[in-house]
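K.L.:
Got a structure here, written out as structure tokens. Questions coming.
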Amino acid sequence: MQNQEKIIDMFNKIAPTYDKANKILSFGIDASWRSSACDQVLKNFNSSLNIADVACGTGDMIQAWINSAKKANLKIDKITGIDPSKQMLKVAKEKLPNCEFKEAKADNTGLNPNTQDIVSISYGIRNVVARTQALHEFNRVLKIGGYLVVLEFTKRDKSGPIAKIRDFYLHNILPAIGGFISKNKEAYEYLPRSIEGFLDSNEFCRELERSGFEMVIVKGFSMNISTMFIAKKVKNI
Ligand SMILES: C[S@@+](CC[C@H](N)C(=O)[O-])C[C@H]1O[C@@H](n2cnc3c(N)ncnc32)[C@H](O)[C@@H]1O
């Protein structure tokens, strides 16, 4: 599956069960990965903020931003959730009725240039076929000195016992459980394929640097299952 519209359609289909499957498949740990990323980035701010969460899905990263900002005593002026999947947005709007949402793809968000303090994309960039254009778009909408936060499952070295356990989980357990909950096994078979089709951490950092960003932090969570990339916009491209 590579065609962008097919990927979006797949998310439309699994949207009603996405949150439930996610919680079970990640044992609930994904919430801590999101909140660690938000806490870390917000340390760099002391005034009110504009945040765009791209590939927002059902809104969990937006909720993490709201919680972390509250903890840090920071005011969010505006937070915009962006996603091309109508059905994922429908769930997000039910959970976060006071937030603003836009139905759009990462490479054409419709946001004004140099307006965002933070752009985030959690477990979304792997699904963006026009990835280079999307990174250019993030550069375009961020202010100079603004932060891009990416959480993602990156391609890994396949040797060693941990890689074997991870592979077994991704190729066998995840499609079985995800398929059972969503009644859409194909969608959960796409996940390991999309990780293998993505970049490794170093390759992704080089892409970010070519898009006008300077790497600030790259950190693996939970035995490197998930990786957090924090990058700062240093120039317009
Ligand atoms: C795995 S979900 C992640 C959702 C959410 N960010 C989270 O952390 O749970 C991936 C999301 O990427 C969205 N997506 C797919 N293609 C996209 C694109 N080209 N631009 C923006 N979002 C996209 C899907 O609709 C889906 O909501």
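Note that Cβ sites are derived from N, Cα and C of the backbone, with glycine treated the same way.
Please treat TrEMBL annotations as automatic predictions, because they have not gone through curation.
Copied straight from TrEMBL:
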type	residues	note
BINDING	T58, D83, S122	S-adenosyl-L-methionine binding site
K.L.:
Taking 10 A as the limit, how many CB atoms besides its own sit near the CB of T58 (S-adenosyl-L-methionine binding site)?
P.N.:
26
K.L.:
Given that the record lists T58, D83, S122 as binding S-adenosyl-L-methionine, what is the largest C-alpha to C-alpha distance among them, in Å?
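P.N.:
Taking every pair among T58, D83, S122, the longest Cα gap is 12 Å.
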K.L.:
Can you tell me how many other Cβ atoms are located within 10 Å of the Cβ belonging to D83 (S-adenosyl-L-methionine binding site)?
P.N.:
26
K.L.:
Can you give me the residues near the recorded S-adenosyl-L-methionine site, meaning same chain, not T58, D83, S122 themselves, Cβ no more than 8 Å from the center of the site's Cβ atoms?
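P.N.:
Close Cβ neighbours, site residues excluded: D53, A55, C56, G57, G59, D60, M61, I62, G81, M88, A92, Y123, G124.
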K.L.:
By a simple count, how many Cβ atoms lie within 10 Å of the Cβ of S122 (S-adenosyl-L-methionine binding site), its own Cβ left out?
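P.N.:
For S122 (S-adenosyl-L-methionine binding site), the 10 Å Cβ neighbour count is 25.
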